[in-house]
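**Q** Checked TrEMBL, it gives:
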DOMAIN    33-97  domain 'Chitin-binding type-2'
DOMAIN    102-160  domain 'Chitin-binding type-2'
DOMAIN    170-229  domain 'Chitin-binding type-2'
SIGNAL    1-32  signal peptide
Amino acid sequence: MRFVNFIEKAKMKRKAGIVLILVFCCVWQVQAAVNCTETGAGRFADDDDTTCQNYTLCVYDTTTLDYLFYNYQCPSTSVFNPNIAMCTDPANYVCNVTTANTTVCTEDGYIADPSSTNCSSYIECVGINGTFTETTYTCPDNTFYDPNTTLCESNYTCTSNSPSNNTTETFTCSGAGRFADTTDTTCQTYYYCVLASNGTYVQYEYTCPTTSVFNPNTRVCTTSYTCTITYR
């Protein structure tokens, strides 16, 4: 009789444990940081995590023919290395996260910081294996970033990075992205439209480096595009 009671209690504990595990999994599934259907099974870095400590474990469930996913965080003294899909010492992996959806770089060089409204900062773009690393710098006091010379100048009049000054009569943002300035016969200037949190678009004007032009088809500055605009 005691043996039977022991078996029954063990079954109840096992069921309770299974219920707790299932509840735990559901909570993490709702908060999945990656799309396991696209990535497949394995461990994958959370691209939105600038600390490089968060990752998602994707597990294929053969019973439901779907993926289960669980979010994890590496210990505070380590970071997640997407190359080996493991947490590792920061000395073995350099955390350098850039968000592809918000990148403003199209080639190596320097551009105005679109988040600055007073021309006080600029961004250095460095392309590595098809991905751009963006580093923001601040101009010295009493100087402003000039997108034409790509230098901080004391005699530059700041107009390009002010949202109130960037909306012109010839162009108005209707969507996010980069768009050619059709009034520029040199094909070097373009507009960068950013969707603000209030649902409106903020418009910025940029100039390609002197050796390149803006290609409206690929929406990047390039040296292989032939400028065909002949009107103002």
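Each residue, glycine too, has its Cβ placed from N, Cα and C.
Thinking about packing and proximity, how do these listed features fit into the structure?
**A** Secondary structure counts, DSSP: the domain 'Chitin-binding type-2' (33-97) has 7 helix, 26 strand, 32 coil.
Per-class residue totals from DSSP over the domain 'Chitin-binding type-2' (102-160), listed helix then strand then coil: 1 helix, 26 strand, 32 coil.
Taking the domain 'Chitin-binding type-2' (170-229) as a whole, pLDDT averages 84 in the prediction.
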